[in-house]
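A.B. asks: Got these off TrEMBL a minute ago, pasting:
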- B:23-181: domain 'Inactive transglutaminase fused to 7 transmembrane helices' (DOMAIN)
- B:260-503: domain '7 transmembrane helices usually fused to an inactive transglutaminase' (DOMAIN)
- B:6-23: transmembrane segment (TRANSMEM)
- B:314-334: transmembrane segment (TRANSMEM)
- B:354-375: transmembrane segment (TRANSMEM)
- B:382-403: transmembrane segment (TRANSMEM)
- B:409-427: transmembrane segment (TRANSMEM)
- B:447-465: transmembrane segment (TRANSMEM)
- B:471-491: transmembrane segment (TRANSMEM)
C-alpha cells in the first residue's frame, strides 16, 4: 500500500511542502507580483546581475523583431558555439544549443545539424511568443555556451547540468544538482526527466538522486554514481546564490547556477516559482528549514554571513547507510 | 480581524444564501424537486423586424385549436403596440400596429400548451372536391398517370395520400420524376403533393408546426401535409407518409404563407423557443408571495423571456463547474489544459452525450494534432499556424459529420457543437506540451482535462441540481463561499501523496 502513496501525516512530520502551501505561504506573501518581470525577463535579470557584479554568461546579441533576423549571420559570424534562448522562456523551453559549425551548418547539442534558415525559424518562433509564458511576443537572446566543469562529464547526458539553490529571505535553504538525461532531452528540469541530486549544504557534497520521483544513486544513462561528489568552490557558490536575493527582493527564489570550467560559477537564471522536487532529492521537507530561518533575528546581514549561517545550520539529514 | 475576514465573509455569504433559500422553500413553497410530471410547455415566438419608416403593421399567425394540444393561456409582449387578433382563413392572426417605431423591433407571443389525453374529434366541414389544376403537357398526362397508379394501390383518401407521399420520396418511374427531385425541401414536397392530390380532386393543405423539446431554442417550424378525408383533416408526414402528428407536436399555422407579414418593415425573423413548464408549482408559490407581500418572487428568473431562461439554465451551472475545477486541481491535483477549458468542453458534452462527446473530442484533437505537426514542418509563424489549425479543425468537423451521416451514425452530426476555437487552442497547447514535455505529459494532461470535463458534465446534467440552481439561484452564493474556502486550502494535493511517496519509504 505504502509503495504507491505516502500518508499525509508522514509528509507533515517530515515538513514536506505541497504546491498549495508553497503558493500560499511562500510565493504569495514573499514574491510581490511587480518583481516578476525582473526574473521572467532573462535580459533584465542579466542587466541587474551585471550591475551587481554577479558573473553571468556573456551576451552576444539580442534579436527583437523578425526584421532583425537578417542580422543573424553577422551576429554569429565570429562564434563557433553559442546558445539561443527566449528572454521569457520557462522550464528550459525554446533553448537551442549550438556546439560547433560545419561549413554553413550548425551542430546542435544533440549532434544534429541545422542550417541558417532553420535557425532563423527557431528565432522567429521565439519572437512570436511560442515559448514564452502566456504566449506574448518575446525577444531572442544569443549568449555564451557554458562549458561545464569536467566534474559533471560522466554524469550528464547532453545539455548543461546546473545547481538549483532555493533562497528563502536571502538565506540558501536547500540545493540540488540537476543532471540532464536522455529522457529530459538535455534539459535540466526534473519534471521533464532530469535527475536531481541533493546537496549537503554544509559541505557541498551530493547526497542522493531522484529521477521521475524515484530514488536513484546512479545516472540513468551513464551509470556513474551521483552521490558523494564534492562540488568545487561550494562556499563561493552559496554566497553567489545568496546575493541574488538583493538583486530582486524576492523572498522565495530559485537560483540556477552553472559551473563553467573557465569562468567559474555563473548565474544562469532566477525563478520566482521554483518547484518542490528538491525536497525529494534532499530527503527532507522545506518546512523545517523555513522555520529555522524565520527563527533568526530579523536583522540585515550581508550575503556572506547568510551563506555561512546556512552552511552551519543545514546538514544533510542523517540516513541509515545504504 | 484580518484572520477573521475570510471566515466571516464565507459565513455571511452562506447565511444570506441559506436564509433566502429557506424563506423561498418553506414560507413561499417553491418546489425543491423538479416536478414529477411536467407535461405543460411554454412556447415562445419572438418576432423581430426592421421598420423602414412610417406606421408599421406586423401580422403573425398564432396557433388555434392545434390538434392534440390545448392552449392554456396566451401572452402578447410588446411595448407601444396596438394589438388585435383576428381569424383569417384557417388561421388566427395577431396584428401588431404602431405609429412611431424606431430601431429594430421585437414582439413576443407566449403560450402555455398541454397535450390532450383524448384527442378532440376535430369535425371539419368537407370543403368539397377541389378543381383539377390546369397543367400543361407533359405534366398533365404525367399527373394523370401518377394518380392512376396511386389509386390502384390505395383504399381511401388517407391511404391514397400516404401512397402518394411514399412514391414521391422514392420516385420509381419517369412520370413521378417530372414532379419531384431529391433536393426538394419539405415545403416543396408538400406543394407538389397538394397539386397532385388536386389531380385526384382531394382537398389538401399545408401545415406548419414545431416539435416541442425541452429547452429548445431557435426551433425551425416543420412543414406537414394535411388532407381532408370528408370528415376531418388528416396529417401526413411529407418524409415517409406516416399518418398523424407525433406526440408533442404543436401545429402553428396552415397554408403556404410565411408566418410573418409586414407593412413598412423588413427583415422579418421568427425564433421559436420551448421549455417545460415549471410555472404550475412555482405559480402557486408566487401567488403566496403576493399574499405575503414578498418582493422575493419578483426577482425570479421565471419572469424572463423563455429564451433567456433557457440560456440561464445553462449559465447557472457554469459556476458549479468552476468550483469542481478548483476542487480537482487544488485538492486532487489533476492537470488540465487551460484552467476553465474543461467546463467549456463539459458544456458541449451536454449536446453530444458523454461517451460520444469524449470519442469525438479525442478524435478531432488527435487528428488536429497530427496536422499541427505537419504544419510545424512548413515553418509557419505562430498566428498563421493557429489560424490554419482552426481552418483544418473546421474541415475535420465537416468531414466527420458527413462521413458519420453517410454511415448512419447520429453522433457525428453533433460534432459541430464543440466550440472550435477551444478545439484549436487545445490542439495548439497540446502540441507545445508534446514538444516540450513529451507525449507522456500531454497524455496525462489530456486525460486530466477529459476526466474533469466528464465530472463537470455529470454534475451539470443532474436534473435535481439543475432544478435547484434554476429555482434558487441564491445557491450560487454558497458555491462562491465554498470556492473562497477552497482558496485557503494549503494541504497536500492527492497526487502529491503519490509524487512524494519516496518519503514514506525511508520510514521502515
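Backbone N, Cα and C define each Cβ position, glycine as well.
In terms of burial and nearby residues, how do these features look in this structure?
C.D. replies: Counting residues 6+ beyond its ends, the transmembrane segment (B:6-23) has Cβ neighbours under 8 Å at 294, 296, 472, 474-478, 480-481, 484-485, 488 in the same chain.
Residues 340, 342-343, 346-347, 350, 448, 451-452, 455-456, 459-460, 465-466, 469-470, 473, 476, 479-480, 482-483, 486-487, 489, 491, 493-496 of the same chain, all 6+ positions outside the transmembrane segment (B:314-334), place their C-beta atoms under 8 angstroms from a C-beta of that stretch.
Only residues 6 or more beyond the boundaries of the transmembrane segment (B:354-375), in the same chain, are considered here, and those with a CB under 8 A from a CB of the stretch are 345, 348, 385, 388-389, 392-393, 396-397, 400, 411-412, 414-415, 418, 423-424, 426-428, 430-431, 434, 446, 450, 454, 457-458.
Same-chain residues lying 6 or more positions outside the transmembrane segment (B:447-465) and placing a CB less than 8 Å from one of its CB atoms are 33-34, 317, 320-321, 324-325, 328-329, 334-338, 341-343, 345-347, 349-350, 354, 357-358, 361-362, 426.
Counting same-chain residues at least six beyond the ends of the transmembrane segment (B:471-491), those with a Cβ under 8 angstroms from any Cβ of the stretch are 6, 9-10, 13-14, 16-18, 20-21, 24-25, 30-31, 278, 282, 301, 316, 319-320, 322-323, 326-327, 330-331.
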